[in-house]
Amino acid sequence: SVMLNLSWTIKSVKAVPPVLLLLLLVAFPPSSGAQLPGHGQAKDVPIATNGQPFPWDRMRLPKTISPFHYDLTIHPNLTTLHFTGVVRIQLDVHEDTSIIILHAKQMQISNVLLLAPEGVRPLQVLEYPRFHQLALLSDSVLTKGRRYEVQLRFAANLSDSFHGFYKSSYRTSSGEVRVMASTQFEATFARGAFPCFDEPAFKAKFTIRIIREPRHITISNMPKVKTVELPSGLLEDHFDTTVKMSTYLVAYIVSDFLSVSKTTRHGVQISVYAVAEKINQTAFALDAAVELLDFYEDYFDIPYPLPKQDLAAIPDFQSGAMENWGLTTYRETGLLFDPDKSSASDKLGITKVIAHELAHQWFGNLVTMEWWNDLWLNEGFAKFMEFISLDITYPELQVDDVFLGKCFEAMEVDSLSSSHPVSTPVENPTQIQEMFDDVSYDKGACILNMLRDFLTPEAFEIGIIRYLKRYSYQNTVNSHLWESLTNVKFCSKRDLQSGASKWYSGDELDVRAIMDTWTLQEGFPLVTVEVRGREVRLSQERYLKTDDYSLTEGFLWQIPLTYMTSASNTIHRFLLKTKTDVLYLPEEVDWVKFNVDMSGYYMVHYAGDGWNSIIKLLQHNHTALSSNDRASLIHNVFQLVSTEKVRLDTALELSLYLSRETEIMAVTQGFGELVPLYKLMEKRDMAALENQMKDYIVDLFRGLIDRQEWTDSGSVSERMLRSYLLLFGCVRNYAPCVTKHTNISLYIFIVDTELKAFSVFTRTPEGWDFLFEKYRHSMQMSVKSRMKTAMAVSPLQDKLQWCQSLHGEVMKTQDLPDVIVSVSKNPRGYKLAWDFFRANWHTLIKKFDLGSSTVSYMVTGVTNQYSTREMLDEVRGFFSSLTEESGSEMRCIRQSYETIEDNIRWMDTNLPLLQAWLDKRSHRAMHEDL
């Protein structure tokens, strides 16, 4: 699935050596689940709801029985918001037993029968809600090697959250509210829709029937084979049987959607479904899905196994999208595109989401992780394939310009001691939900990118095709991937040309040994480079934002180093396996740059005079390095200030070169390091320094801002950069930017063309009200999304307060997290956001689910710009008052404490230095003017 982030508004126990596993578990006691306290085993004898002992005491289901086919009939009532159903599950018995343990959550179960060769018999049912389990007890033994069938009737309410089988609604332009029902089962919510073996390794086939009123349509994973009219006048749609798959990929929707369709080159029917009034915004997604599904069939050399692929835009949707096999579901903003109203970043965002979900049809659906501890095998791959596929199918989107940002985002959480290994033990639903984070997605993608660069793209592609073919319709663990990528017999031009011999000598290349260091330990390395004549001294340590350096002990990575020097354009390669090592250059050089294009997931510190030689290079000839290299230097130097490896003035001196920078990745990284400094000050009483800092940034980018036209022409990257620069100029009151947009007659013109100007008019009550009216009536999803952000950056406090209370009627509840986080970044609104967040905590975690990336996004988004001990105490006071059931053990809470502590340390150490540097610079500038 795709996690949502504001930036584009804005998934068996492992084969780990036992000793290492023990260390991992000691280092990371699993945060016990808020929904389900306790770990994998019940502490006492579990007691069923009727008072009898429950015959199973673990959270994970036993392996004595597995399902191979479900016959599922569902009858939702969209008036009473209730559904009933019956499921018949065919079972294989692997050991003699008289107990069947499976999942069901918050439903009434009745009429449970065993359909055995000897005849039909009722089964006794015990329920254990704490682990969402049912036990079906047979009075005779189910014999190993035989097949049986059980039947259960069930009834439940449609969920009013965003998961399970849930209610969604939308308003037509005439104001009528229409109700529909849709599913979201990943990770552990299929059990809330029908009784099932709800773990990814219990793969089975599903034959689904749905009963509906004639005014609705239904869609599911497979094509509809027939519709039967029932005596009641209702209709029953019958769907074809699915391929063998996990429960979390089952999907069905009851709605009044319309659709548009096309067929791919390989003969797969693609349809996009949306509400009637937005069906005219589906053409772009339809073409993109056709293009991308064809690309993946060719790239993976494995035919897409289903006859159709539907993409549905759901009015209420929590994450970004979901990869249900044959029926992918999306937020409306993630799928709907209006060529006249949507921006370049919308186009990039929508294409990336579709590329992600369609990549999952192979990575995740065809080959699925054994258990959620290896979620990254799904999500890291799908995130990575977004970039591989779009680079080839949509080169004009310049997707490479945003990949690096994903690695920087991952490093942000991975530089805290509360981070976790890419592959980490999880047991309960809250811990499973918490795996859907930047580490599984973005770090997963970045280490795959590093491995691809290391093995060569050709060898990597051969290896992943081997992996997908070998494990089709099965479940895998980490080591299966490494084995598939080992000993790919193939010689590339690179071996012959470059200094790659260090990587490819004999059979030294042990992919698993290398990659275990990146997936089984958390964090990432900082490589320190010191050049002395021809000698290059290397050392590695864990990069960690902490003042407790004992926490960095005991980490060692196998790092595929790359470097280039002033003496040649060749990329040199070296595998650093030890804590320290030495390289020898053929001649002395002016500068050396390690981690070329930042294709490796590590940071570099240039000791001795190293940073000064890089600053000189950037000031005199910055294009000698690629824009990715420049962005990585900006990122690394400012991050090293946090750990006091580099003085702040060194980082600021490096930033001066940005006045000549024009490439999006380096410019946005410059903003990304400088803007947070004044955002910290906005939440403290230090207006003078805050304004000095803001003036420095405007001054640095003035030339670039002045060169921007108020049009929407150029490449995607140029258009995104323009929109970013103009928004920054407007928010900062940069005169040439604002004067163009005070004329009210321009309002309508701007609304339809240059959307970034919205923020200008939310400064006055009239402008805010005007925008709000536009928001209320707009059917253009991407326009609404930007209006919503603009309303939240307004300086008008009464409007911000109102903004947060709007959800439900005018604003969808799904949009509330974005609004809360936007208001919390607003200097006039951060107190309002924090108060609202605390007051509504219990409602928010019920609606968005404990451990979800949405809750984590709110926790970190609301707190990560505090930098005083008073606010740290206030944040600790609130979160420590929670119980385990209400989220006290969530990882994001530890992350928020660490981030505030880091901010406090940064401010204590660097404020005087920043003040002195800015004073010195303005003094210098005055002299230059004289």
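Glycine is no exception: its Cβ is also placed from the backbone N, Cα and C atoms.
Annotations in TrEMBL come from automatic prediction, not curation.
What TrEMBL annotates here:
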ACT_SITE  Glu357  active site, proton acceptor
BINDING   His356, His360, Glu379  Zn(2+) binding site
DOMAIN    284-518  domain 'Peptidase M1 membrane alanine aminopeptidase'
DOMAIN    591-901  domain 'ERAP1-like C-terminal'
SITE      Tyr441  site 'Transition state stabilizer'
CB contacts for His360 (Zn(2+) binding site) [other CB atoms within 10 A, all chains]: 28
Cβ neighbour count (within 10 Å, all chains shown) around Glu357 (active site, proton acceptor): 29
Euclidean distance between Cα atoms of Tyr441 (site 'Transition state stabilizer') and His356 (Zn(2+) binding site), Å: 11
PLDDT averaged over the residues of the domain 'ERAP1-like C-terminal' (591-901): 86
For Tyr441 (site 'Transition state stabilizer'), nearby residues of its own chain (Cβ under 8 Å, 6 or more apart in sequence): Met3, Trp376, Glu379, Gly380, Lys383, Lys406, Ala410
C-beta crowding around Glu379 (Zn(2+) binding site), within 10 angstroms: 28
